[in-house]
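Visitor: Residues annotated as Zn(2+) binding site in TrEMBL: B:29, B:32, B:48, B:51. The compositional bias 'Low complexity' annotation in TrEMBL covers B:307-330. Summarising the annotation, TrEMBL assigns region 'Disordered' to B:285-338. The zinc finger annotation in TrEMBL covers B:29-51.
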Ligand SMILES: [Zn+2]
């Protein structure tokens, strides 16, 4: 583990000590530290369970944004075969913040589209930290349309801090692109399943997250505004992000109660970043099951039910 | 139906708040600094008579000028859950709502009306920036859905005037969900083959622009309106450079191909009439047959059905009693210029 979150610091200390002891023992054959180290391991495991038992909303935001969390590309590589990336909006550019293409999930050919944040400095810059420009949404529209015409289910993997707030993005119609992408989500007659794998940041998420079913990983978030942004507007103090995160009800658990999230996918103990393969496997299973059920519905039903789902939204509070 | 609370009280409130500021007969144009007499400004649709700057206009004032004789019937908007998230920042959401209701005399940030515009049936929806920044929450979503459903029922165009900072944070994810929700409303119109015309007014930003406000068959903006997805300050902080003059303003968007037209508020009605009538394959409007907004003929003023009946597919059967009581509401709207 290289990246500990701020609230995981006590855990980092204990795990660090255990590591140190073992390193000492390796250097000095006469030392027997295993008993002591094992005790530290046990303490660390207990602490991890305790920390993740009831994460506060702000801590969930941190976990959802964890740099070691599996990202869109990791899911695509591990879950799908024959992934064939498709690029470009046929208009201006190819936006690397949104990736997508044809692939097989099991035997089923599907269209997979998602935000990709990148995993190191170079790829993060190339992916613009997962913040898409209009071209990204227009590529998504094109791919959804393609899937619709050939009857392929669409899977979207959502992980973005939000759409990119840039000069060119505005000039090329960021809002129009998002609006049309949402419209396309609501128009297709094939199953559309969205998974919020990390951050569902506002309109930039909605544009590809308007599915028949919206699944969320246990520690993912989905919100109208970032807690920092909300705090600076309503509290006039960006440091009040903890309070804002509470008030916004952005956790998978609250969104499930509100009917926005249809299914919560449990994460391995300590979060997706502690067991990436395990997390990806769970997402794969949930997707297979959703597609199996939705696959039985007619094209008309799929579209009608999807629209009704959004019309009904907000009928129940917390 | 408790129409007294719903319809009469807000009007009393607004009359009251108007009386509270009797000195406020002059408005200073924020653009050129000219002192403008309120009556003169109202007659000019809140456009500065000196520099043509467009000041904010309330939905009721807009409807008075839009509909023939200022006569329209409010389309009833289904109630929403108050404070679904139990949201509290430095103030409680219900307290913010109460303050906004008191300030504007309205229930929430959107008004929907139906009536005739140069003899053409229309439904119009106008967002109220004075009500919590026009923010889009469940009520605004319901208003747009009600407007679309009514337009489909009447088989007429929907004209929407947008004005909002964006989504209503106090409704959290449910405000965000108004993006797909209102998009479904737009789809209802498209599938019924009916025109959906958007007039973007100052300011229209955030999730509102990224949904129903950018999905019009025709996109018109009032001059110099701020229109965009991200806030100017956020963009400047992100890209660390100054934005060009006029960035995210109507004319800038027009230059970048994002709008069909930029139209002066005083010419807007004629343009909307022409567009609606052409899209509906109706003959050109005949000038001169329209009642003037100042003096609606008495017979027509009584005609609109009760607001409660507005959503009823067969409103002709409204009892005479109710018709008088509630029918006075749109009539009262036409007297907004005392
Ligand atoms: Zn002026």
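Here the Cβ of each residue, glycine as well, is placed from N, Cα and C on the backbone.
Describe the structural surroundings of these features, if you would.
Guide: The number of other CB atoms found within 10 A of the CB of residue B:32 (Zn(2+) binding site), across every protein chain shown, is 12.
Through the fold, the zinc finger (B:29-51) approaches residues 57, 61-62, 65, 264-266, 337 of its own chain, all at least 6 residues removed from its boundaries and within a Cβ separation under 8 Å.
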Visitor: Using the centroid of the Cβ atoms of B:29, B:32, B:48, B:51 as reference, list every other same-chain residue with Cβ within 8 Å of it (recorded Zn(2+) site), in sequence order.
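Guide: My list of surrounding residues reads B:30, B:31, B:33, B:34, B:36, B:49, B:50, B:52, B:53.
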Visitor: With DSSP as the reference, give the number of residues of the zinc finger (B:29-51) in helix, strand and coil.
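Guide: The breakdown for the zinc finger (B:29-51) reads 6 helix, 4 strand, 13 coil.
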Visitor: Cβ distance under 8 Å to residue B:51 (Zn(2+) binding site), same chain, sequence separation 6 or more: which residues?
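Guide: When sequence neighbours closer than 6 are ignored, residue B:51 (Zn(2+) binding site) has B:29, B:31, B:32, B:34 within Cβ distance under 8 Å.
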Visitor: Between the binding-site residues B:29, B:48, where is the Cβ count within 10 Å the lowest?
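Guide: Output over binding-site residues B:29, B:48: least Cβ neighbours within 10 Å is B:29.
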